[in-house]
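Colleague: First the structure, then my questions, so here it is.
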Amino acid sequence: MALYTLKVIADFASAHTLRDYPGACSRMHGHNWKVEAEVEANTLNSIGMAIDFKDIKREVRAIAEELDHQYLNDLAPFQTINPTAEHIARYFFQTLSQRLNDERVRVCALTIWETERACVRYAEG
Ligand SMILES: Nc1nc2c(c(=O)[nH]1)N=C([C@H](O)[C@H](O)COP(=O)(O)OP(=O)(O)OP(=O)(O)O)CN2
Ligand SMILES: [Zn+2]
């Protein structure tokens, strides 16, 4: 476990359909998704930051913007896999990792809240 874990929160609204789901979620419906992105580091830069929160927020918001007001099933990442909270969390984690990870920081966890009462936390390593 790293010494520092930073977290930023964003949100987006989108619709999805859970293919083959045995219930109402197999019909199109929407969620106001909340995203919690966690970034870890063991060292700080010369001004005492692992990474500027602004840099994390910019990338998290950019990914959220790509999903916002979309029908997720139509988007490339979810055309062949269901846009479940699990798959959205993994997609967000991997996309954010590609954009943020460097020699100091790495994305360590990504939580997607589907409702106020249910979330998935995805982590690698
Ligand atoms: N493991 C998962 N389970 C479910 C997912 C998911 O992504 N991963 N998704 C759904 C549906 O998207 C559904 O829209 C979720 O809504 P639901 O859990 O029914 O939420 P409610 O607040 O309406 O349900 P209550 O039973 O009233 O709490 C389902 N499962
Ligand atoms: Zn749903």
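Sequential numbering from 1, following the chain as shown.
Any Cβ shown, glycine's included, is placed from N, Cα and C.
So TrEMBL lists these for the protein:
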{"type": "ACT_SITE", "residues": "Cys25", "note": "active site, proton acceptor"}
{"type": "ACT_SITE", "residues": "His69", "note": "active site, charge relay system"}
{"type": "ACT_SITE", "residues": "Glu114", "note": "active site, charge relay system"}
{"type": "BINDING", "residues": "His16, His29, His31", "note": "Zn(2+) binding site"}
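Each of the listed features needs to be described in terms of its position in the shown structure.
Modeller: Sequence-distant neighbours of Cys25 (active site, proton acceptor) (same chain, six or more apart, CB under 8 Å from its CB) are Thr17, Leu18, listed in sequence order.
Around the Cβ of His69 (active site, charge relay system), a 10 Å sphere holds 10 further Cβ atoms from the protein chains shown.
Of all the Cβ atoms in the protein chains shown, 18 others lie within 10 Å of the Cβ of Glu114 (active site, charge relay system).
For His16 (Zn(2+) binding site), other Cβ atoms within 10 Å of its Cβ number 25.
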Colleague: Can you tell me which recorded positions out of His16, His29, His31, His69 are within 10 A of Glu114 (active site, charge relay system) by Cα, answering none if there aren't any?
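Modeller: Cα filter at 10 Å returns His31.
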Colleague: State the Cα to Cα distance, in Å, between His69 (active site, charge relay system) and His29 (Zn(2+) binding site), rounded to an integer.
Modeller: 12
